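Engineer: Here's a structure for you.
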Amino acid sequence: MKKTIDYYEVEPTVKEALGECVPSRHDSLRFAKSLFPCLNWLPRYNWRWLLGDSIAGLTVGLVVIPQAMAYALLATLPPDFGLYTSFAGAATYWLFGTSKDIVIGTTAVGSLLVGEVISHVHESRPDTYTSAEIAGTLSFMTGIILFAMSLFRLGWLVEVIPYIPVSAFITAASISIMCTQLPVLLGIHGVNTREEPYKVFISTMKNLGGTKLDAAIGITCLVLLELAKFVFAKLEARQPARKKMWSIMSSLRLTFAMLLYTLVSFLVNRNLKEAESKFRIVGHINQGFVHAGLPDLKSDLIGVVLPQSPIIIIILIVEHIAIAKSFGKKHGYEVAPSQEIMAQGTANIIGPFLGGYSCTGSFGASAVLSKAGVKTPMAGLFSAFMLLLALYALTGVFYFIPRAALAGLIIHAVSNLVASPSTVMKYWRLSPFEFFIWVAGVVIALFTGLETGIYVTTGLSFLLLLVRIARTSGEFLGRVTVQQIDPSDYEQSLSANAREKAPSRDIYLSLSRKDASNKDIPVESPHPGILIYHFPEGLNYLNQAMHFKTLTDYVYTHTKRATEEPECDKSEALWCDKPAVYKGDTELPVLRAVVIDCSTIHNIDITSVQGLVDVRNALDRWASPYSIEWHFGGLRNRWARRALTAVGFGQRATENGHAIGSWTSILPLARSFDEAHENRRRQSSTDDESIIGTRTSTEIESSSPATPAEKQGLRPVFPTDRPFFHADLDEAVTAALANARRSECRSGAIFGTGLTLSGVANPQVIKNQFRLSDFHMLATFLTASATSAAIFTLYNSKSTKIPARSASSHGWLGPYDGNVIGGAMLGLGISLTGACPGTVLVQATAGIGASRLLACTSLLAGVIWVRCKPHIVKPPTNRARNTSVMDVTGLSAGKVLVGYEITMLAILAGILYIAPRSVTMLHPVVGGLLIGFGQLSSVILTEKPVGVSGAYEEFGKFFWDIFGGKGIKSVPQNILFACGLMMGSWATLSNFPAIREVMAQSEQASLPMVLVGGAFLTFGARIAGGCTSGHGISGMATMGLSSFISIASMFGAGLVAGFLFA
């Protein structure tokens, strides 16, 4: 018995899956260590790092102080609450954070949201809770939620939030902040800044008459900050050597501006009380942590705050992770989202104990920290020291800070958060649908509220995602052979020598050509009846119905039904039944195989599996009685393979299973480990599987002796017991093609065997037939045609009808001009050479010298015919229909068959009675029956009748494709049939050498006759649209008028030539 290389797939089990979820001791220790990333770098901390962290931390502390105070006002809290919040973030981040550039503190958007929650609670519970209590409870609850998410390592959830809703929210929030700060900037009183932004702006415009001296402070502060930003940016560009210095100076512009306007305010208001000041100032700020203590958590307050927390949690997480990842990419390190969420949660839990509120990563402060040369997360401690110093030593200075200056600082800071026109245009270019969602999000947020805006845009984004997943149509792919060239030397790469050496490979493109590929490049199906289907968005219960409908609809319109549906009484039909549409287009192929590209499928659900089973059943009925091959390329997931195997895909079926016919599998091999490594791996696998209690494929392999490939270190890459789950798409297509090609070759081999055994391939028999001295050829020919007619009639009653040969009308004389002229040329060529397009291949296989030259001449004529055909054949003016004897007489197929069989039998009996017996081995009736058996095998294996001359034209196209640099796409069907014919003939001649000896003794054609006759054979057969096998054996059996005309013309011209050149 032939040895094979086996590697059996071990199906995944539930116990195995659960075992993977239970952490080992090593996993638990690694998880515990991962909670404190500082343990990885603290032992390596050095003086150089200390110097960089201290400078960066103190610098960012100067920037954070004015920002924290300003943003606290956005949250409707006193300025010192911003300092408490920033201190809590700076002091705790280094313990849990994984980014050296992040600064956790107050942010404009976060403060605005906290302020909205405070206002909401005041409206629902008036005079019940203070703003500090509300802010502390909100911060503590969000911190607990964030900390829990981090412990369960749910950092990946941040990827669920789309970018567009967040961008729209930040833009709308920034505009809202600017609108709320505009009255403060101008010193206008009486404007409710908690209304929708457009109402705030309208109220401000209505009250412009109430502008105070604050406007001079606020506007000049805003102009100064914008001017400083512009000047320092120019200096950075013009002086690259001092870029870092100018960048730090630009970052400190907020601090310098606050110091300047605080000095101005001190000079103006130093002798005035707070109520008498010329413009509004911050006023008294508590020294130290006067609000420190346990947060007062009341259940009623928690119940009111929690429903408002989701939007805050979303913004806190997304804003922080986005900042951390951007700086990580910039400086070449990775951040752990779950750990960043833990650092956020810790800061938000500790904050209420000090008097702080909700905080997250601040982009402005983080940018300053990064530019200042920070080395480790320890820089946060130095920032915390600056905040501590401000709380205990600078509160007296903060008393004189103008509120209008803080408003200018806020407007200046948040103006950078508004999406620029170039960014908005980028959204349009990247995805118009998401652009409209962004616009809708901004408009809704500005006119109804920020919370509504982000919920609506997030919902629309998810809806767009679902539509794209559920309604994205699959693609049918075709194959293109491409060559790789060197773009640096384009002309040299296009030379003939370079193209021969250039590597080529197959790629698969959409047959619809709706992709970005060059439409001038032809993309074709690799073989008639083989379909390749690709899932662009994977396969799941959302899109399976649309995918499978697309698949079946394409099959129904691009292939023909193998059997016609039985007609039923109209009274028994359902009211919803559609009228018969699929009548089986005779030009379409029968469905052979479906190749599924599974490269995008990683998991598969029950609904999808059931849908695939339903499609298989529907296509089985469509192609019945033939079986359809199902090939899956690139399916790697073990659970998906298990699910498909459970319903009969991927492996050979049992007798009671799904009929798959004779499939071919491609076995990819790769070199394995060295023997010692392999032994260690086997031992490890045995130990692991002993825990799970399953048998490994290694154990199974060890029970059988090693094959030659195994001795060379080669092993299967994928399991061999499921051979129709292929490594990739190309392997799956190759396997499907191998089966189709094998069918073509098999049918050709059987036909070649019958042709050889019958004796009609003998040149002497053919020449004698046209000299009317031997009627063996005609007797065999008539028997084969009569047998084929019976086969076709029986086949047509059970399956899709085999059509009659179409008329070869070329626009020269009449509707059958090609049949008459081509048939005459074919007859001349047969009479001159003693061969037809089919028998010349048998003669060449037998080794007859003249016949080998004749075969080469005929092939060369096929190459010339392809180039001459456009100039010879003209569009017909009066094309004949594919008429048959049934169409002309109006008789049924059964009656015509009976009449045809009687006629053939009568002629055959007359020939056998009158004509002398031939010297061939077999009786002509037996030989004709053998050829008829070849016809039967062709119908069964390839669903089409025999015909050889098309191979010569396909060879010509094949030649010009290769010569033109298009490469080899696939071997055409007729060429495969011809190759099979020669293989069958070779096998027959090897077993019956007497046939070869008789053929060698026959009369050989002279060189001029070979050259002229070879051209006549190919040109005549192609002009007529068929040869003796296509028109004679097959065409006449279908009762096609064009075939009768072609054969009559062929015999007429052949007889004339036979007598002239005898």
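Even glycines carry a Cβ here, placed using N, Cα and C.
A TrEMBL annotation is a machine prediction, not a hand-curated record.
Per TrEMBL, the feature transmembrane segment maps to 134-154, 166-188, 245-268, 301-323, 379-401, 407-428, 435-467, 775-795, 896-915, 921-941, 975-995, 1037-1061 (among others). The domain 'STAS' annotation in TrEMBL covers 528-680. Sequence annotations record features per position, and here TrEMBL assigns region 'Disordered' to 677-717. TrEMBL lists 693-706 with the feature compositional bias 'Polar residues'.
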Engineer: Excluding the flanking five residues on each side, which residues at least 6 beyond the ends of the transmembrane segment (975-995) place their CB within less than 8 Å of a CB in that stretch?
Structural biologist: 741, 744-753, 755-757, 759, 761, 838, 841-842, 844-846, 921, 938, 942, 946-948, 951, 954-955, 958
Engineer: Determine which residues of the chain contact the transmembrane segment (134-154) at the Cβ level, with the cut-off under 8 Å and only residues 6 or more beyond its ends counted.
Structural biologist: 75, 77, 81, 114, 117-118, 121-122, 295-298, 301-302, 305-306, 308-309, 312-313, 316-317, 338-339, 341-342, 344-352, 355-359
Engineer: Mean pLDDT across the domain 'STAS' (528-680), rounded to an integer, is what?
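Structural biologist: Value for the domain 'STAS' (528-680), mean pLDDT as a whole number: 76.
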Engineer: Under 8 angstroms, Cβ to Cβ: which one of 379-401, 407-428, 435-467, 775-795, 896-915 has the largest number of such pairs with the transmembrane segment (1037-1061)?
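Structural biologist: The listed stretch sharing the most Cβ pairs with the transmembrane segment (1037-1061) is 775-795.
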Engineer: Can at least 3 Cβ pairs under 8 A be found between the transmembrane segment (407-428) and the transmembrane segment (435-467), with each pair 6 or more apart in sequence?
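Structural biologist: With 3 or more qualifying Cβ pairs, these stretches touch.
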Engineer: Mind checking which residues reach the transmembrane segment (301-323)? Cβ under 8 Å, same chain, six or more beyond either end.
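Structural biologist: The answer is 102, 104, 107, 109-110, 113-114, 116-117, 120-121, 124-125, 129, 133-134, 137-138, 141-142, 145-146, 155, 157-158, 161, 166, 169-170, 335, 337, 340-341, 344, 348, 358-363, 366, 450-451, 454-455.
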